[in-house]
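Input: a single structure, listed below in structure tokens.
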Amino acid sequence: MHTGEKPFTCSECGKSFTEKRTLTKHQRMHTGVNLFTCSECGKSFTMKRTLTKHQRMHTGEKPFTCTECGKSFITKETLTKHQRMHTGEKLFPCTDCGKSFSKKQTLTIHQRIHTGEKPFTCTVCGKSFTEKKRLTRHQRIHTGEKPFTYSECGKSFTEKKTLTIHQRIHTVEKPYKCSECDKSFRKKEKLTTHQKIHTGEKPFICTECGKSFITKETLTIHQRMHTGEKLFPCTDCGKSFSKKQTLTIHQRIHTGEKPFTCTVCGKSFTEKQTLTKHHRIHTGEKPFTCTECGKSFITKETLTIHQRMHTGEKLFPCTDCGKSFSKKQTLTIHQRIHTGEKPFTCTVCGKSFTEKKRLTRHQRIHTGEKPFTYSECGKSFTEKQTLTKHQRIHTVEKPYKCSECDKSFRKKEKLTTHQKIHTGEKPFICNQCGKSFSKKGTLAIHQRIHTGEKLFPCTECGKSFTMKKTLTIHQRIHTRVNLFTCSECGKSFTMKKTLTIHQRIHTGEKPFTCTECGKSFTMKKTLTKHQRMHTGEKPFTYSECGKSFTEKRTLTIHQRIHTGEKPFTCSECGKSFTEKRTLTIHQRIHTGEKPFTCSECGKS
């Protein structure tokens, strides 16, 4: 026995045994002779004691009772195994990883993780399992067999465990309590999973991307994202799903079933969790809080997506251009740029869109609908986002703070644009001249310089502009409305920022200082130009002759040498000049003006 020798071999199947009597009992399986048959169900056994144990299933007899908890068992072996739960005794250690088990059978099953052995194979689909009971459960998917029925409601289940859990719905029993927060559960595994929230334990790691999960099932479902495996097909439309639960929910699209109804507003949903989330709109509950910024959310999913803003994590890459996204849905929408797909079409004008929400917003142009109204001032908007931004005018709220300089913004996109000042990022490049911009909108406006397109004409004087805001500023010249006047000298300006720069003449303020020579300037752009003196940078190059300049204005003047253009003409003699200042100097010949006087002798 100790040598591992098995001298007694069955001539029928080749299986070997250490004792002759064990072989004799085994051979009864093949011969059918001297079998012990159950009078209740007709099942036969090779040993009498196995029959005795089996008959206790029919009689309900459980003669072996645990002194610790009072639970009873059909066999002594089962009691012994159970008692190890109380004593913590684990007699069977794994030689590979050192993990110990209270049952030898559990060790054998565990060792298959290390060996990769899956001896139980489904004859229908070829899937293999480490345990026979897992195969048996799996086969019920193919057969549709549900052998465990609850007598109260008649509902049937593929597993006894699922029946037991279901019974607790009727009894409202939740026997598994969390010691940390007193939350109770109907299933033990739900408690175990829940406790990992407190411990932070995520023992199941994806070998593809390194992401960790609380449960093995969640990992398995996640891995299907990498493999593309979708085991559950819809019989109505053929669409397949990686989760059975997702298929069940999907099928409600075909049946129209919405079994979960809100008691407050009567709205119905296909999923219970969607109803739970919806309820929070009525209660105002936002149970998921970001530890980085303190912002709270209705759903965990929204929090997870939000947290990627802090971590910079983008899990969904585009295979066409390599751009990554924090949400799969955003990737799907983005991919339509490459495919040209616009599946959402307006029935009024035929215009198509990549997103349903863009179509919905567009349709409000036709209907005139403005569903988002601010109660304070009564102003209505076509989009919720525009309402939210408008509300901040009243509250002066600026929730989007820059981590670099603490500057705050009312709009998230304004913060994103601002942050590019710190990072120096200019991802939008002009294909005509190579100039880069931090915003797509600024690039679009810039490109009008090349195309000559000026979409915004002034109705007063006919002058056209590339930007609407430039037109608005220009119109102040005609209307004299919303001008910005200097309190020192009374001079007016069409823009506030121009007034601010002008006022520095009076105050002497020069906030922009050169780090090289200490010289200060009233404007940042003047400092930038000045710094090119130190760096030698000449960013404006003329393509005709290759000559470079520190300022765009100097490049423009230089180009006139090549083109022969002289746009500044003297009204007295008709002589033309390439620069305005040259014309001004020339005009002094006609006016006799000599503005520069010598302080020594008074000569001008």
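Cβ from N, Cα, C; glycine included.
Secondary structure of the domain 'C2H2-type' (8-35) per DSSP (helix as H, G, I; strand as E, B; remaining residues coil): 12 helix, 4 strand, 12 coil. Among the features that TrEMBL reports, domain 'C2H2-type' is placed at 8-35 (among others).
Annotation comment: TrEMBL describes 64-91 (among others) as domain 'C2H2-type'. Using a Cβ-Cβ cut-off under 8 Å and counting only residues 6 or more beyond its ends in the same chain, the domain 'C2H2-type' (64-91) has close neighbours at 53, 56-57, 100-104.
Under the heading domain 'C2H2-type', TrEMBL lists 92-119 (among others). Assigned with DSSP, the residues of the domain 'C2H2-type' (92-119) fall into helix, strand and coil as follows: 12 helix, 4 strand, 12 coil.
As annotated by TrEMBL, domain 'C2H2-type' applies to 120-147 (among others). If you take every residue in the domain 'C2H2-type' (120-147) and average the pLDDT, you get 88.
Within its own chain, the domain 'C2H2-type' (148-175) has Cβ neighbours under 8 Å at 137, 140-141, 184-187, counting only residues six or more beyond its boundaries. What TrEMBL records for 148-175 (among others) is domain 'C2H2-type'.
As annotated by TrEMBL, domain 'C2H2-type' applies to 204-231 (among others).
Annotation comment: TrEMBL describes 232-259 (among others) as domain 'C2H2-type'. Using a Cβ-Cβ cut-off under 8 Å and counting only residues 6 or more beyond its ends in the same chain, the domain 'C2H2-type' (232-259) has close neighbours at 221, 224-225, 268-271.
As annotated by TrEMBL, domain 'C2H2-type' applies to 316-343 (among others). Each residue of the domain 'C2H2-type' (316-343) gets a DSSP state, and the totals for helix, strand and coil are 12 helix, 4 strand, 12 coil.
Residues 333, 336-337, 380-383 of the same chain, all 6+ positions outside the domain 'C2H2-type' (344-371), place their C-beta atoms under 8 angstroms from a C-beta of that stretch. The domain 'C2H2-type' annotation in TrEMBL covers 344-371 (among others).
Long-range contacts of the domain 'C2H2-type' (372-399) within its own chain (CB-CB distance under 8 A, at least 6 residues past either end) are made by residues 361, 364-365, 408-411. According to TrEMBL, the domain 'C2H2-type' annotation covers 372-399 (among others).
Sequence-distant contacts of the domain 'C2H2-type' (428-455), counting only residues of its own chain at least 6 positions beyond either end whose CB sits under 8 Å from a CB of the stretch, comprise 417, 420-421, 464-468. According to TrEMBL, the domain 'C2H2-type' annotation covers 428-455 (among others).
The domain 'C2H2-type' feature in TrEMBL is assigned to 456-479 (among others). DSSP states for the domain 'C2H2-type' (456-479), grouped as helix (H, G, I), strand (E, B) and coil, give 12 helix, 4 strand, 8 coil.
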Same chain, outside the domain 'C2H2-type' (92-119) by at least 6, Cβ under 8 Å from its Cβ: which residues? 81, 84-85, 128-131
Lying 6 or more residues past either end of the domain 'C2H2-type' (8-35) yet within Cβ distance under 8 Å of it, the residues of that chain are 1, 44-47
